[in-house]
Every structure is written in C-alpha cells, then in structure tokens.
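Just below is one structure, and these are the notes that go with it.
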Amino acid sequence: GSMDSCLMIWSMKPQMRAYRFVGHKDAVMCVQFSPSGHLVASGSRDKTVRLWIPSLKGESTVFKAHTATVRSVNFSSDGQSIVTASDDKTVKVWTVHRQKFLFSLSQHINWVRCARFSPDGRLIVSSSDDKTVKLWDKTSRECIHSFCEHAGFVNHVDFHPSGTCIAAAGTDSTVKLWDVRMNRLLQHYQGNSVVNSLSFHPSGNYLVTASNDSTLKILDLLEGRLLYTLHGHQGPATCVAFSRSGDLFASGGSDEQVMVWKTNFDADYGDALKTQKSGSTVDGCHHTGSEMDSGIHHKKTRTQDSGRNHEQQEVEASLANTLEHIMGQLDVLTQTVSILEQRLTLTEDKLKECLENQQKIIQNKTN
C-alpha cells in the first residue's frame, strides 16, 4: 500500500508482472493477506476498508464505518474476521463472510495505530497515541488490561506466535514484550530512533523492527540481544513483516522502496519449533524477570558423550554451523554494500545534474 492510493502485489517468481489495484481515494495505510492468500484487506486515509480478490480484475468490496483514517487491518487466524484501528479512536471488528461491521471497542482517548487478533482469536490487542497498549476480550468486548509503560505514542503491537505474550514499539524508541497472562513486562529493548513497525519470526525466537533511522533490526529473543542491524532504506523504514515460512521478510520505507530480505539465522525454523515444547529461563540485561514461560524458550543443550567419535562429530557440526553463520552474515553485508553502491551512483548522478544546472544558470546570468 502506498501514499499514491494504489495497492501493489508482486509475484516472487522472476519476470512475473505486478498487479496494481486502484479503488481507494486517498493514501493506503495498511495491507494484509488473508491466511488462505485468497483475499487482501487494505485500510486507507479515505476512512474505508477494502477487501480485494488478488486477480487481474482487482475487484474489491468497500467496508464503511470508521470516521477517520484507517491505520491497521488484520485477519483472524481462521480468516473469518477482520480487526481495524483508526484515527477515530476506535477498534472495529468485521465479518469477512457477511462483509459487514460487527462491533467497536472504544476506550482509547487518542488515535489507534494498530490492532491485532491473538492466534486463537479470543483476544485483541491495540496500541494508541494515548501511550497505552490495551488487551481486549473479543467475546465480552471489554478491555481486560492496559499496559502503560511506554513514554510515547505506541506505533505497532503484535502477538507472539504462542499467543502468550505481545510486543509493542513506538516513538520512545523502545520495544517492550509483556506476558498477557501475568500482565507483566518480560523484555525491554532501548533503541535510538522511533520504531514504526515490528514482526515476530514464525518460530517466535526472533523479532524484526523498522525504524525512523532507516534501519531494520533483528532481535534475538532467546538471548535478549540485538543480532543484526540492516541498512538499505534511504529514509525512515515504515513497515516490516516476516513471510509465513520465516525464510524471508519484506520492508517498506518513505524512500518509495520495497525490499525483500533473506533470513540467515543460525537455527532453522524446524529446530526452533522443537525447542518450544519445553520451557526454560532467559538471562539477559534487557529482561525485567528471569522466568519466561511465554513461548520464548532457549535451545536445548546437547548431552555430552564420552566417546571420541561423538565429540568429533559435535566439533565438526559446530564448525559447520559457525561457518554457515559467517557465510550468512557475509551474504547480508554483500547485499547491503550492493544497495549502498546503487544509492551512491544515484547521488553522484543527481549531484552532477545539479552542478550542470548551476553552470547553465551562471552562464545565462553572464550573458
């Protein structure tokens, strides 16, 4: 979605054309595919929500109930409902099948930036310019808790894939994770720039953020530390999201660029899923508590075997993993350097054009 009021859908297959959908009357603020991939929802500054069929025709249905800009759209995991957030200070829930408005959640006292369903669809979380994150019960339609630890506007919020904790980010340059069962702060990451968006890796072990300083940051939630800082955008990075498989993530920015990145984490998704079967503790300087039974777990340590062959196999496997990790980091650096070279070339061309124009102006004045 873009400020040009259009929706663009690209195919990841080489040489496949992109679809451009026209319908919104103002800037498109948010876009999301349904879980099945058969529908796309979008929200706009024109105060409407549209439900699109991603085909050549680009047909859409308009949902009207908000009275101000729609900042966020999100499908429930079963694809039957949509939750939206708006500058009219409300969160609204809609039915996809009947294509109509169901109910509003109205306790925020300023613009609502983001709203998300929990993985099981029973809870809704929302973030607002009133500096709060609110947790709602979808059935009773009541606010069951407000998290008030942010010192600025809360731009984005999302559920951990386990559904037991949430992450939020905002203008105070922080990312905070809370346990939604105990309603307590689990992790706190302090940055140096406004954080606009975040996304959990499907394994739940990593988090990617997009910031005003043009960077993307990968956080390792197992170790409670910053893993990578990625440079590529030429201006604020406004949105970021992992693919459903977790092997890719995409980012968008005010530089009118959409970038697709390949993940190179040292543990693959399959291994990460296995580790979620057992609980453990997390020890990191960013954590406010040591116990974390919230779907974020440490990797299992292997038991040592006294036999030489087993030890040798472990050493070889460790070396192979380390080498693969280093190669992955080099791959990221290579991509970043390539992007920076392109930006430098564009800057040089613009500078050359400016100098030529300046010379022409001087010549015209002398003549």
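Note: Cβ is positioned from N, Cα and C throughout, glycine not excepted.
As recorded in TrEMBL:
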type	residues	note
COMPBIAS	284-313	compositional bias 'Basic and acidic residues'
REGION	276-313	region 'Disordered'
REPEAT	21-52	repeat 'WD'
REPEAT	63-104	repeat 'WD'
REPEAT	105-146	repeat 'WD'
REPEAT	147-188	repeat 'WD'
REPEAT	195-229	repeat 'WD'
REPEAT	230-262	repeat 'WD'
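Over the repeat 'WD' (195-229), the average per-residue pLDDT in this prediction is 94. Secondary structure counts, DSSP: the repeat 'WD' (21-52) has 0 helix, 18 strand, 14 coil. Taken residue by residue, the repeat 'WD' (63-104) breaks down under DSSP into 0 helix, 24 strand, 18 coil.
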